[in-house]
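Taken straight from TrEMBL:
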- 1-21: region 'Disordered' (REGION)
- 39-48: domain 'Uroporphyrinogen decarboxylase (URO-D)' (DOMAIN)
- Arg44, Gln45, Ala46, Gly47, Arg48, Asp93, Tyr168, Ser223, His337: substrate binding site (BINDING)
- Asp93: site 'Transition state stabilizer' (SITE)
- 156-172: domain 'Uroporphyrinogen decarboxylase (URO-D)' (DOMAIN)
Amino acid sequence: MSGKDRPSGQPQQTQDAPGGVQDSAFLRACRRETVPHTPVWFMRQAGRSLPEYRKLREGIAMLDSCMRPDLVAEITLQPVRRHGVDAAIYFSDIVVPLKAIGVDLDIKPGVGPVVEKPIRTRADLERLRPLDPEDVGYVTEAVGILTRELGSTPLIGFAGAPFTLASYLVEGGPSKNHEHTKALMYGDPELWAELLDRLAGITATFLQVQIEAGASAVQLFDSWAGALAPEDYRASVLPASAKVFDAVASYGVPRIHFGVGTGELLGLLGEAGPEVVGADWRVPVDEAARRVGPGKAVQGNLDPAVLFAPREAVERQAARILESARGLEGHIFNLGHGVLPDTDPQALTDLVSYVHEQSAR
Ligand code: CP3
């Protein structure tokens, strides 16, 4: 990002000087440069595993909390203070931009996003108008607060990828088999392509808003893409995700592409255009890097359930990942999916220290 695009009030030196954001271990690893230690952050590091989060959220609905810049900033900062992670992830949800354009959805505790009237016909598509940056002014405000508060710690912006968003919209809620989604994808390829194209536009704008407000990197979550065979992902999903990555390429911030159960799709996730590909625990990091191909960093990949085991067992599994990543250019330590709500927060803090100590160079 050029100097003139920086939000006023954001000190330049925390951006570019040695010891500033651009020199952070996380951004250096994204760019496949040498690092003082392997950077680590956790998907879903903010949220229900933290007692301070649960306290702050008491009596406030999830989507309401996402629209309050003061709350968003505080919740985003909580895991950074507690765990000493190398990056913050903006507190929001993948369905926030859909809510912002007026889709009748809610996040039901213990269930996930639920859509009152699923989107399944051409007429339904009309409910997906483009996102105007002004629809999410609270995001601009919260990111502005955060980039000032975070100092030299990078902020990761994020959005849901078109396929994963489509799954919630078409199914009407969380789904194990994605049957309505796949029926539409195979049954009406033209309508499907239009649906994904609209979602790509909304997602691209949502990421642009976060980057323009000061986010240092972005992650596209295609959490449910692993439900697809490679040839179907390539034909029916990749073009829309590539459109999102293209739309934010010119900002020059690292772009991360992540999905669950995507061992067979890792090469295609890379083809969509990001600098970094996230892998879950089903594929070792070195093998993931081989599948992603040269020139890209890899993020991952401790099974979040391992954190329920005793500390020594967690450390053995973390050591295995660091060993597998030895010799790779660009490794960011993370879980293979989000932090589970019942995780002991101390296990996360201990894991951050362990990764930092073991990888110090
Ligand atoms: O710290 C962070 O990672 C930032 C916060 C974040 C949330 N959602 C907050 C949240 C992020 C990155 C997300 C992304 C998200 N949301 C994804 C992609 C990541 C993934 O897990 O694959 C998906 C698929 C969703 C959809 C969604 N929203 C689900 C499945 C749920 C859980 C439902 C439940 O209650 O079990 C949500 C709700 C949600 N998003 C919560 C939080 C903290 C829980 C709501 C609460 O705290 O009351």
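Every residue, even glycine, has its Cβ placed from backbone N, Cα and C.
With Arg44, Gln45, Ala46, Gly47, Arg48, Asp93, Tyr168, Ser223, His337 listed as the residues that bind substrate, the site has a largest C-alpha separation of 23 Å. Among the recorded positions Arg44, Asp93, Tyr168, the residues whose Cβ lies under 6 Å from any atom of ligand 1 are, in sequence order, Arg44, Asp93.
Arg48 (substrate binding site): 15 other CB atoms within 10 A of its CB, across all protein chains. In this structure the alpha carbons, written CA, of Arg48 (substrate binding site) and Asp93 (site 'Transition state stabilizer') are 14 Å apart. Asp93 (site 'Transition state stabilizer') and Arg44 (substrate binding site) are 10 Å apart (CA-CA, integer value). Taking DSSP states H, G and I as helix and E and B as strand, the domain 'Uroporphyrinogen decarboxylase (URO-D)' (39-48) has 0 helix, 1 strand, 9 coil. Sequence-distant contacts of Asp93 (site 'Transition state stabilizer'), defined as residues of its own chain at least six apart whose C-beta falls under 8 angstroms from its C-beta, comprise Met62, Leu63, Cys66, Ile107, Pro113. Counting Cβ atoms from all protein chains shown, His337 (substrate binding site) has 24 others lying within 10 Å of its own Cβ.
Helix, strand and coil content of the domain 'Uroporphyrinogen decarboxylase (URO-D)' (156-172), in residues and according to DSSP, is 10 helix, 5 strand, 2 coil. Within the model, the domain 'Uroporphyrinogen decarboxylase (URO-D)' (156-172) carries an average pLDDT of 98. A C-beta separation below 8 Å, combined with a sequence spacing of at least six in one chain, links Tyr168 (substrate binding site) to Ile94, Val95, Leu105, Gly112, Pro113, Val115, Pro174. Taking Cβ-Cβ distances under 8 Å and a sequence gap of 6 or more within the same chain, the neighbours of Ala46 (substrate binding site) are Tyr53, Ile75, Thr76, Gln78, Pro79, Ile89, Phe91.
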